[in-house]
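Here the structure is laid out as structure tokens; the discussion comes afterwards.
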């Protein structure tokens, strides 16, 4: 799909979905600074204020690339589309990427099980990196959680605490859920049956094999995640705090480069970073 482009050392052409959103703006800025990549297109929903305006307005410098409401044309102009929108939008863009034979990096969260299966099915035709968090630091934390869970085993209660800005629409965050999945897998548990999402009233004693989730929403918090291993007489906390969205954008571009030259397959950031 893009092996010829790579062999000729041409820059990787990037399309940004949801261009006027918080992540879209950061992705535009990161792409403009990225060596070996060019902003090929940027698109958003019809009626969005920035349609028809230069994508560079969102990052402070003119680019000559106008934000469009035509996703087909935008995706056709690129080698890879990066999408941090909403599940319904991402799935529509995925269908176009599959039809046009384009790679895709998906950072959207909040998918149902059936929607995740649709992404996996599309990956039989095109290469996809699908991950709840593209930041290198968060993915390092996933590995640390594997090690901690393996060492601590069943002797510690596990709680996942996450905080995000007031505008986030899904809870718990995809990153928090992935952290819970990592720990549950290492402990031989099924997160779907052992997860507890919030507590209220007279709950009784904590069941030993549960994994609890607590969600905070407020202000402009970019993203904080802590996994607490609470034992008798000691506690271990593994925390990641995001100060900006740039690590997500930089990781997404790294994922796009990883997909270059691949014809199909479903990958995550553990694959991109060689942590498998």
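Glycine is no exception: its Cβ is also placed from the backbone N, Cα and C atoms.
Sequence-distant neighbours of residue 164 (active site, proton donor/acceptor) (same chain, six or more apart, CB under 8 Å from its CB) are 173, 216, 217, 221, 222, 223, 224, listed in sequence order. DSSP gives residue 164 (active site, proton donor/acceptor) a strand state. Swiss-Prot lists 164 with the feature active site, proton donor/acceptor, giving sequence analysis as the kind of evidence.
Here Swiss-Prot flags 168 as active site, proton donor.
In the three-state DSSP classification, residue 108 (NAD(+) binding site) falls within coil. Per Swiss-Prot, NAD(+) binding site is recorded for 18, 19, 20, 21, 22, 23, 44, 107, 108, 109, 131, 132, 133, 134.
In the three-state DSSP assignment, the secondary structure recorded for residue 45 (NADP(+) binding site) is coil. The NADP(+) binding site feature in Swiss-Prot is assigned to 45.
Taken from Swiss-Prot, the feature (S)-2,3,4,5-tetrahydrodipicolinate binding site applies to 165, 174, 175, supported by sequence analysis. Cβ environment of residue 175 ((S)-2,3,4,5-tetrahydrodipicolinate binding site): 109, 132, 133, 138, 162, 223, 225 lie under 8 Å away, each six or more residues apart in the same chain.
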Just the number: how many Å between the Cα atoms of residue 20 (NAD(+) binding site) and residue 45 (NADP(+) binding site)? 9
One finds that other Cβ atoms within 10 Å of the Cβ of residue 165 ((S)-2,3,4,5-tetrahydrodipicolinate binding site) number exactly 13
What Cα-Cα separation, expressed in whole Å, is found between residue 22 (NAD(+) binding site) and residue 168 (active site, proton donor)? 11
